[in-house]
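Pulled from TrEMBL:
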- 12-31: transmembrane segment (TRANSMEM)
- 43-61: transmembrane segment (TRANSMEM)
- 86-108: transmembrane segment (TRANSMEM)
- 120-142: transmembrane segment (TRANSMEM)
- 154-178: transmembrane segment (TRANSMEM)
- 184-206: transmembrane segment (TRANSMEM)
- 332-355: transmembrane segment (TRANSMEM)
- 375-394: transmembrane segment (TRANSMEM)
- 406-423: transmembrane segment (TRANSMEM)
- 429-449: transmembrane segment (TRANSMEM)
- 470-489: transmembrane segment (TRANSMEM)
- 495-518: transmembrane segment (TRANSMEM)
Amino acid sequence: MGSEDVLRSASTLASYNVLLQVMFRILTFFLNAFTLRFVSKELIGVVNVRLMLLYSTLVFLSREAFRRACLSGGGEDSNWRQNINLLWLTFPLGCVWGVLLVGVWAFVLQAPDPQAVPHYLPAVCLFCWAAMQELLAEPLWVLAQTHMLVQLKVIAESLAMVAKCIVTVVTVVCAPLWGLYIFAAAQCVYSGFLVLCYVVYFTRFLGSAEAEKKGFPLQSITETLPGRTQGESMINLKLARLTWSFFKQSFLKQILTEGERYVMTFLNVLNFGDQGVYDIINNLGSMVARFLFLPIEESFYVFFAKVLERGQTVHQQKQGEVAMAADVLECLLKLVLVIGLIITVFGQAYSHLALDIYGGDLLSSGTGPSLLRCYSAYVLLLAVNGITECFTFAAMSKEEVDRYNFVMLGLSVCFLLLSYWLTGLLGGVGFILANCCNMSLRIAHSLVFMHRYFKASPYTPLVGLWPRPALLGSLAVSYALTTVSESVLCCDGGWLLRLVHIAVGGVCLLGVMATAFVTETRLVEFIKSQLLPRYSKKHT
């Protein structure tokens, strides 16, 4: 597959992933709004913070390193028998992590009040089981991602999410006294559906005429199981060493990614009710980051990993592919920067209104609006960091990845200390400020790497971080107008004034987008040609 084909496939994958994440966030958005009417905020806190932390920790530590290594080295010329054997190590590793984590969650951490939050211990075991189920699909997931089967992930995760929502809604309405059993059962259904969809798809796809046309390396579903290799080692030792490097890094990255939940879980800086409110606002604030930025990061990591030779300098790469990578990187940086600035500016004047509509006084009173305003600024850093690390991790050599592990270790320690200190001073806002500090340091490290990488070349992709003055001016005017509008019109004067406040924001947003369309012509062309599905289909 040529670099142009890889770019088109990565762009299509990004578009489908964005669509998928939009649907996920919308479903989760309404699901949370619905369940808030039936369960306590303490129950929400236990599920969304403690139990989902168990799930994400087990899954991430078991598979993330294998994913990154095999996506980097799982090209068309690789030995897929060795790769599949390596990927199946995620399951026994998950079993080890499962035993350790269940022991900690069940017997070390303070259990919630059984009267307010019943069935805690069985729920811990069920969430662990759901995570183990999801690991069974890992070899199939990597196969699909490597060979750009872009629709499979969308279909599988969509069906799984719909099934999870149905189970949650039905059980919350019909059996609200089941407590944590409701959410544990829904999570098991989600992971089970996910595995089932991948198995059914590959059972039908492998050996078909379509698979032969694409030159797929496997012929039947049984070849996705671990097995012996003829005349070679069971696993690719080079990929195994790279996996170990990523594994050390993934442990630290998980602490940085879920750091505030670890602090809340292990240091008890907030009670379960406050954890529930913080997590709801955190999910609202991160919606755009999750359904837009993360899919773009994942998809274009695949692009950069395939186009660039890991650990090679600019002059050692194929110059045509370096030029393409630099051009794509510049446009991606400009794209996420513009979106992040818009969210930061408009989030200041519309956080209180959004929370009042979504959760009433439960969310809009107290520190809720301040949390969401801070998070809207944090989204800008999340957006930029996602793209800078996407490129950096794809271009780093194994030795550079190992050295970066020590940087991540230092960041992890600083983050945990800063989170604990700032939370004691500022409550939930302290978590967001600590995340901002760490994200800024990670961005700085990636920018230094990228500057050195392109220093001896004519390419300057970092100019993507400099928006046009006219765009900055339109954002400044919008901030001033919406701030005045909020102080005059929102949010105690009734729905008519609220609608006027929303209309003011809509007009300002249209002005910003029109300015971006006129001044950022190169970015607009990139979005049209690479990110919108209808344009991708034209080129394909």
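A Cβ is built for glycine as well, from the same backbone N, Cα and C atoms used for every other residue.
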Against which stretches of its own chain does the transmembrane segment (406-423) lie, if we need a Cβ under 8 Å and a gap of at least six residues from its ends?
249, 252-253, 255-256, 259-260, 262-263, 267, 269-270, 429-431, 433-435, 437-438, 441-442, 445
When you scan the chain for residues with a C-beta under 8 Å from the transmembrane segment (470-489), skipping those not six or more beyond its ends, what do you find?
338, 341-342, 345-346, 348-350, 352-353, 497-498, 500-501, 504-505, 508-509, 511-512, 515-516, 518-520
Per the 3+ Cβ pairs under 8 Å rule, pairs at least 6 apart in sequence, do the transmembrane segment (332-355) and the transmembrane segment (120-142) touch?
no
Between the transmembrane segment (86-108) and the stretches 120-142, 154-178, 184-206, work out which stretch tops the count of Cβ pairs under 8 Å.
120-142
